[in-house]
Amino acid sequence: MRTPYCVADYLLDRLTDCGADHLFGVPGDYNLQFLDHVIDSPDICWVGCANELNASYAADGYARCKGFAALLTTFGVGELSAMNGIAGSYAEHVPVLHIVGAPGTAAQQRGELLHHTLGDGEFRHFYHMSEPITVAQAVLTEQNACYEIDRVLTTMLRERRPGYLMLPADVAKKAATPPVNALTHKQAHADSACLKAFRDAAENKLAMSKRTALLADFLVLRHGLKHALQKWVKEVPMAHATMLMGKGIFDERQAGFYGTYSGSASTGAVKEAIEGADTVLCVGTRFTDTLTAGFTHQLTPAQTIEVQPHAARVGDVWFTGIPMNQAIETLVELCKQHVHAGLMSSSSGAIPFPQPDGSLTQENFWRTLQTFIRPGDIILADQGTSAFGAIDLRLPADVNFIVQPLWGSIGYTLAAAFGAQTACPNRRVIVLTGDGAAQLTIQELGSMLRDKQHPIILVLNNEGYTVERAIHGAEQRYNDIALWNWTHIPQALSLDPQSECWRVSEAEQLADVLEKVAHHERLSLIEVMLPKADIPPLLGALTKALEACNNA
């Protein structure tokens with residue numbers, strides 16, 4: 001045990017309890033003394049980032065792979081830069097703890113006009129800004145620090161959302177008592193009467209259903225129930241699909257998997273399997289505009305049984321207080337009795353194998369990439385042509401597929417990939433990002449090179465903001481960006497650039513380069529030249545829906 005033991009040590013021990021081995025962030029004068037304890041910690045490794053926005057994205061990517069992450073910024077200027085990323089973590093249910101190093105308690109009490117403040121002697125402005133985008137918050141004092149750290153962390157673990165701790169510089173050094181027990185959050189259990197009522201209602205519906213299908217989404221992943229869903233479809237063969245954020249839950253090459261459900265933009269086979277079912281088991285779903293091609297999904301309450309993290313629904317009746325794992329266990333048992341295999345002729349397995357010739361287009365790019373993906377990959381696809389083109393990829397077992405279509409902050413994936421590779425150094429990380437998106441967060445390439453990471457980064461260069469062009473202003477210069485020499489950037493961002501770069505414009509070139517980088521131990525950047533106006537089919541349907549909504 002470290003002596004003298006203080007609040008900083010207590011917080012670091014609790015981060016370890018939550019599963020974090022790293023702390024992302026940017027140093028600032030109000031958090032430097034806390035950082036001394038981080039550097040001395042045997043369990044937590046400091047990971048400095050190029051800026052706070054990137055650090056928040058990196059922490060998010062890390063948490064999606066490890067289940068929890070922590071981020072450190074400095075008061076005011078640092079924390080505000082990170083709030084975009086924290087808001088995305090909140091929207092998409094990712095538990096990232098935001099620790100903010102703040103001015104000392106005495107200075108705050110005196111209302112001193114300090115740097116990084118608004119000059120009004122008030123120190124809670126930014127705390128209040130964080131309240132809507134975190135599930136629990138605390139201003140730590142010498143008296144409450146240990147209790148509040150535990151409260152915020154247990155709430156985060158239960159709700160799978162971010163938390164916020166303001167840590168004044170002096171409080172970090174105050175004496176604390178080491179924790180006796182590891183931090184755990186108690187698994188909730190449903191009231192027996194409520195669970196029975198849900199079971200009875202679900203059984204009545206399933207018993208009358210001739211065709212039952214399963215539709216899963218990202219909240220299954222956030223609550224650690226991926227393997228439960230995989231086991232479910234093995235024990236009870238039935239048609240199943242995911243939404244975009246839930247890709248990777250299933251082995252997408254197995255029988256019974258139909259693809260990605262996206263409302264009217266779904267393939268005919270997926271629409272028939274899901275919308276044509278008498279009963280659809282919707283587990284961990286969120287029917288957002290970008291996931292449903294503008295709310296074009298055709299699923300009625302009467303047709304669905306819905307399972308959310310802390311409640312379940314049959315028809316129009318909600319049963320609150322039922323944890324997702326218990327609802328799933330109940331439905332698996334009922335499905336074994338009442339669901340019989342039907343409409344099981346899928347999966348097509350994969351996009352047809354390409355003939356690698358001709359200039360690159362959206363179509364032959366994704367077909368070529370399909371042959372490159374292998375079990376265990378971590379794939380991050382940025383908002384836009386990357387995410388919505390990847391929707392038709394058929395992922396093998398144990399692939400992590402990371403997208404951010406609800407929050408939709410372009411540039412997210414480059415920095416999130418840094419976090420993902422930090423969490424999983426021995427797995428292959430593949431980044432799919434547009435040129436416009438990459439310009440927002442490219443600095444984190446330097447951090448990847450510093451830490452000797454070796455992701456495979458594909459920059460889809462279509463000369464600007466293609467999604468925005470598809471929505472509105474196809475020829476307007478506000479959708480243009482500066483044209484960069486992408487293959488030279490890694491060299492500029494490291495004095496020891498252990499990287500290789502390529503620019504490809506032909507399908508055969510891409511196939512050859514992918515074969516070269518398949519087992520590389522260095523960072524690989526591939527600039528993929530694509531037509532300016534070429535977009536994946538789903539993105540075309542989505543942009544039309546968004547344009548109509550904006551004009552309504």
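Backbone N, Cα and C define each Cβ position, glycine as well.
Copied over from Swiss-Prot:
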type    : residues       : note
BINDING : Glu52          : thiamine diphosphate binding site
REGION  : 385-466        : region 'Thiamine pyrophosphate binding'
BINDING : Asp435, Asn462 : Mg(2+) binding site
Mean of pLDDT values spanning the region 'Thiamine pyrophosphate binding' (385-466):
96
Alpha-carbon distance [Asp435 (Mg(2+) binding site); the residue listed as 'thiamine diphosphate binding site'] in Å:
21
Fewest neighbouring Cβ atoms within 10 Å: which of the binding-site residues Glu52, Asp435?
Asp435
